[in-house]
Amino acid sequence: MEDEEVAESWEEAADSGEIDRRLEKKLKITQKESRKSKSPPKVPIVIQDDSLPAGPPPQIRILKRPTSNGVVSSPNSTSRPTLPVKSLAQREAEYAEARKRILGSASPEEEQEKPILDRPTRISQPEDSRQPNNVIRQPLGPDGSQGFKQRR
């Protein structure tokens, strides 16, 4: 490849026959390599004969996982201890205690009884001092024309 001429374009290379020579050269190299590599396959191929009986299928055993003390537990026993059932009063007491710890109040009713002072209250005006609701607008167009009132 040191003495090779490089054509200006592929059209010049095709006209001069340079592309054909390079292709033939590469084809010869690949044919030589393929002849060398036609040795027998390195992995043996096992062909099973259907006339011979097949061996027994492999047995699968499911093993039990031992518990922490090394004894295998039976499938019917549960490894978790049963929790005592709490009454409604006990659950409400625990809830109130947790709510007091987190929110600072024991019951949700206390929150609802307090008026919310963050929002301003709406001051109602007497009926006669209110503005009339029937506002008539007469829009103008972008160039100062009559807008929607203009007839075409």
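Residue numbering: from 1, along the chain as shown.
Every residue gets a Cβ built from N, Cα and C, even glycine.
Within the set SER9, SER51, Swiss-Prot records phosphoserine at SER51. As annotated in Swiss-Prot, phosphoserine applies, among SER39, SER74, to SER39. Per Swiss-Prot, the residue annotated phosphoserine among SER37, SER79 is SER37. Per Swiss-Prot, the annotated phosphoserine among residues SER16, SER105, SER145 corresponds to SER105.
The average pLDDT computed for the domain 'SUZ-C' (111-152) is 65.
Counting other CB atoms no more than 10 Å from each candidate's CB, the modified residues SER37, SER105 peak at SER105. In this structure, the CA atom of SER37 (phosphoserine) is 85 Å away from the CA atom of SER105 (phosphoserine). Broken down by DSSP into helix, strand and coil, the compositional bias 'Basic and acidic residues' (89-100) contains 12 helix, 0 strand, 0 coil.
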